[in-house]
Amino acid sequence: MPLQAPSIGEKFPEIEVMTTHGKIKLPDHFRGKWFVLFSHPADFTPVCTTEFVAFAKRYEDFKKLNTELIGLSVDSTFSHIKWAEWIKEKLGVEIPFPIIADPTGEVAKKLGLLHAQSSTATVRAVFVVDDKGVVRAILYYPQEVGRNIDEILRLIESLQISDKYGRAIPANWPNNELIGDNLIVPPAATVQEAEERLKKFKCFDWWFCYEDKATAEEKELARKFLKRVANC
């Protein structure tokens, strides 16, 4: 993977890109908002088409989380536009977000998104970038498997809740098998803190404590995403 490829916790690189909505400077274009940059192997392919329809249908859910979307592949702007037109005409779904045109592959190279065996195919990847321009999550999928958009939504909400409350998010939250919709308290830093937390929080042991912190609205939104994940 190229040295420039960002890692989790690093700033998203400053790049200017051409999109179906014109020139955009990343990450500044989305300053104050979260954004999801997702790459796809190619326009006019079945799996990618299903993904774009799914992203478009969930677009308002992303906006409720102060999150924007932007696609990317090593296709031209013309190809992106014609593909989006085909999706609207044939499938009745309008693509409301920009798609980066990268026919030379330069943007994909900077982000480490080209297949190792090919210089003309983008991997199926997702970058989740927060409102400060920091990469918070990176997901990779095989070519033959499309992404689950509702899980990406649940991931973003979980990261935002973790930031808000300073707590960690358990597996399958808010329907975790051990602690339900509670949040995990960070590990104790001292012996005294470890002893005190046993009195202050619900705990399985000093290193595994949890509390009910998120609001009812936050839990309900996450349950909606999780339910749709389960039903897919």
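One-based numbering along the chain as shown.
Note that Cβ sites are derived from N, Cα and C of the backbone, with glycine treated the same way.
According to Swiss-Prot, the domain 'Thioredoxin' annotation covers 6-161. A mean pLDDT of 95 is what the model gives for the domain 'Thioredoxin' (6-161).
Here Swiss-Prot flags Cys48 as active site, cysteine sulfenic acid (-SOH) intermediate, drawing on sequence analysis. Taken residue by residue with DSSP, Cys48 (active site, cysteine sulfenic acid (-SOH) intermediate) is part of a helix.
Around Arg124 (substrate binding site), the same-chain residues six or more apart in sequence whose CB sits under 8 Å from its CB are Ser39, His40, Pro41, Val47, Tyr140, Tyr141, Pro142, Gln143, Val145, Gly146, Arg147, listed in sequence order. As annotated by Swiss-Prot, substrate binding site applies to Arg124.
Per Swiss-Prot, disulfide bond is recorded for Cys203-Cys209. The DSSP secondary structure for Cys209 (disulfide bond) is strand.
Remark: of the recorded positions Cys48, Cys203, Cys209, the most isolated position is Cys203 (fewest other Cβ atoms within 10 Å of its Cβ). According to DSSP, Arg124 (substrate binding site) sits within a strand segment. Put simply, Cys48 (active site, cysteine sulfenic acid (-SOH) intermediate) is 42 Å from Cys209 (disulfide bond) when counted between their Cα atoms.
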